[in-house]
Amino acid sequence: METKIDDLKTQLTKLESPETTGSNKERKKLYVALELCAAYASLDLKRSVVQYADLGVDLDGECVEAHCYKAEALRGMAEGKPSHKAVQRGKPKKTRDAPREAAGARRAPRAESTRRAPALSGAPAPAAAPPTTEAVRTAGGAPLSKSAWNVKDTWEEVDVTSWAVERIAELFMGTPLPLYDGDLRLRIYDVRRVVGHAQVVIFQRKVRSIFDLEEVELSWVAEDGGEGQFKGAATLRGFANSADAGDLEISTNFACKTETHEAVKTFLRNEGGARAQLAQLLEDFEREFTQLTGDGVALARSFEKSGRLRDPAAEENSPEVREARLAAAKRQAFQDDMRISNPKLKVTM
């Protein structure tokens, strides 16, 4: 393997020489860089993989293979795991001529240090309780800093979307939105669907808390003196870093039959109404988000995936949607065939 790596480095040096010309020079350099990534990955030398993967990205920013090599190496450095190619290289090969263990052979006894202690009772050990949003916010410890593997201050990202979605839902459902006067108010009783992301990013010794919720679908009820009047739904857009009431957008659609209906609809859409109050909740959430400690971010990272979180691309490509699309296409093709064969026939399905 070392001989192969030396040969590849020699080829790369020749290609980088000004004396080497040709229309495919950059493409050849990319191929050699990818070969070096594969070779170093098999030896589990992650830093070298990142080095030549960066070269591949510089040569072709859309090279998926280079991005994959870099991502796998960085993930392995963060988790302390060997690369996939190194694991495959370390596995013993199965051969047909391998001697089989004799049928009556006895296994070697395990060392005392590896034997399990007898259980004190028949009950299984209790599983660790999942973290709560409050545990994330109140976690102590030092401020978040880069990981030990991130010596060169490269891009390091921690996904905390599920925690962010659940915390925002708590803020929304725990804060009533009073109208301008009187006892009429809106109470959000459910956050049904959220599209977006939230990450904590460390880059060049700076920590950035980034969130952008493209769509937040809300269910609300209008209450007067604590008594429910009517229910409705709304979609909030633009819930992101540093947004204010003018950046938020609320869309809702219901028939206005009374003056109360009209007042609620105006309250939802006006900048000085519900948007101003939701902007205050956004400010409260952003302050909590940016104040998370390193231990808090670690807990948020282990948060279970929120059932409110949706991925439109995944939903669009789900088997159910594809089957429905295929069935609709078959129905349309059948109708078209019937109309062509008998123009006077009215086909309704």
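Including glycine, each Cβ sits where the backbone N, Cα and C put it.
Positions annotated as region 'Disordered' by TrEMBL: 1-25, 79-141. Annotation source TrEMBL lists compositional bias 'Polar residues' at 10-23. If you look up TrEMBL, you'll see 83-94 marked as compositional bias 'Basic residues'. Here TrEMBL flags 95-115 as compositional bias 'Basic and acidic residues'. The annotation compositional bias 'Low complexity' is assigned in TrEMBL to 116-139. According to TrEMBL, the domain 'Activator of Hsp90 ATPase AHSA1-like N-terminal' annotation covers 157-291.
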Tally of residues which DSSP labels helix, strand or coil - the domain 'Activator of Hsp90 ATPase AHSA1-like N-terminal' (157-291): 42 helix, 60 strand, 33 coil
Reported mean pLDDT - the domain 'Activator of Hsp90 ATPase AHSA1-like N-terminal' (157-291): 91
